[in-house]
Amino acid sequence: ATATAGPRSFSAAEVRALCAQGSCLVSCHRRLYDLSGFVRLHPGGEQLLRRRAGTDVSAALDGPPHRHSENARRWLEQYYVGEIEAGEEQVPPRGRTGTGVGTGYRGTQGCLQALWGASDAGSRVNKSYGCPRCYSRMCRDLVDWQKPLLWQVGYLGEKYDEWVHQPVDRPIRLFHSDFFEFLSKTAWYVVFMVWTPVVLYLSWVSYTSLAQGNTRLFSSFTTEYSIPVHKYYFPFIFLLGMILWSLLEYLIHRFVFHMKPPASNYYLITLHFLLHGQHHKSPFDSSRLVFPPVPASLVIGFFYGVLRLLLPEVLGLSVFVGGLCGYVIYDMMHYYLHYGSPKKGTYLYGLKAYHVKHHFEHQRSGFGISTRFWDYPFRTLIPEETFKKED
């Protein structure tokens, strides 16, 4: 039998030297993690992690101000690089920011129970810690990451829902075909380049058509009481389209993307993973954060047809182009919420933290992306965290 190499040991001096060179190393008691590749993606901002470089974050994981979820702790394990030499680990601060507040993880064994579950926390110490990316072992237990995932996930059955909501930091391949795989990926700027000219052109067509004075509301029912639609109404109709899109965004996200497919239905599980499950499994795969133009064209064409049936041609086009603009803003904002670094205290900073909570802890709420507005009337707002004060 071949002996498995144990985890690498780091002295405190080595950690300080690496941090001085720009690395972002943090520890949870004796376990050491390299977050250098994650700092820009952290919802609390890059500077927050940079300030914690070289320190023990075991107390910060429990908050306040934020108690990190079990998925966040699993996520941390992907960046495990080794152990700090015995006797050189830091003692995490106590008090209001200590481990006594929140969920109460204490010591290395406590961290392991949070990550793996109490039943086999001890066994993971010897079996997994030699692997720099030990969390990938959990992924390989259920799917083969060396093969396209789309045709595998349907076989997960009852395990799919839990598996898909345990995010990982790695790219996903969906198809065997390179052509279909290419069509399933999109850089963020492609959405802007493809649809912005369409929005501008259709806005011009709508405005000039309204300027002719031939558009009337309810004209198909009555000519005597029909209402003329002037060109000056165009900005308001455009805005109505954007508002309707924000509602549609919420409804699609909640009732289509977050449907729970039956465990016995291979095809619905596969469809769910194709539409949205892949994004929850790998939330920072930059090539899968916006809707590819080819399938988007089919969906956009469908909604245009619906508006043409319900409204006069020019009026329907005016509402449609406002909705299309709302979609472009939504896709750009969604990408930014994953990869941007908004300034603390700004609207986008709060929205980024809100969306990350949806991914890591509250998958059954927080369906608003470009706005939290619709989460209020539909009662799906993510609750604010509270912490008990210590005596």
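Cβ atoms here come from the backbone N, Cα and C positions, even for glycine.
What TrEMBL annotates here:
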type	residues	note
DOMAIN	7-85	domain 'Cytochrome b5 heme-binding'
BINDING	His42, His68	heme binding site
TRANSMEM	187-207	transmembrane segment
TRANSMEM	232-252	transmembrane segment
BINDING	His253, His258, His276, His279, His280, His334, His338, His355, His358, His359	Zn(2+) binding site
TRANSMEM	289-311	transmembrane segment
TRANSMEM	317-337	transmembrane segment
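Between the transmembrane segment (317-337) and the listed ranges 187-207, 232-252, 289-311, the one holding the most Cβ pairs under 8 Å is 232-252. Spatially, by CA atoms, the binding-site residues His253, His276, His338 include one closest to His68 (heme binding site), and that is His338.
Here the CA atom of His42 (heme binding site) lies 16 Å from the CA atom of His280 (Zn(2+) binding site). Model confidence over the domain 'Cytochrome b5 heme-binding' (7-85) is summarised by a mean pLDDT of 88.
Of the recorded residues, His338 (Zn(2+) binding site) and His42 (heme binding site) place their C-alpha atoms 9 Å from one another. Neighbour counts of Cβ atoms within 10 Å were compared for the binding-site residues His42, His68, His253, His276, His358, and the top value is held by His358. Separating the Cα atoms of His42 (heme binding site) and His358 (Zn(2+) binding site) is a whole-number distance of 14 Å. Its Cβ taken as reference, His338 (Zn(2+) binding site) is surrounded by 20 other Cβ atoms within 10 Å in the chains shown.
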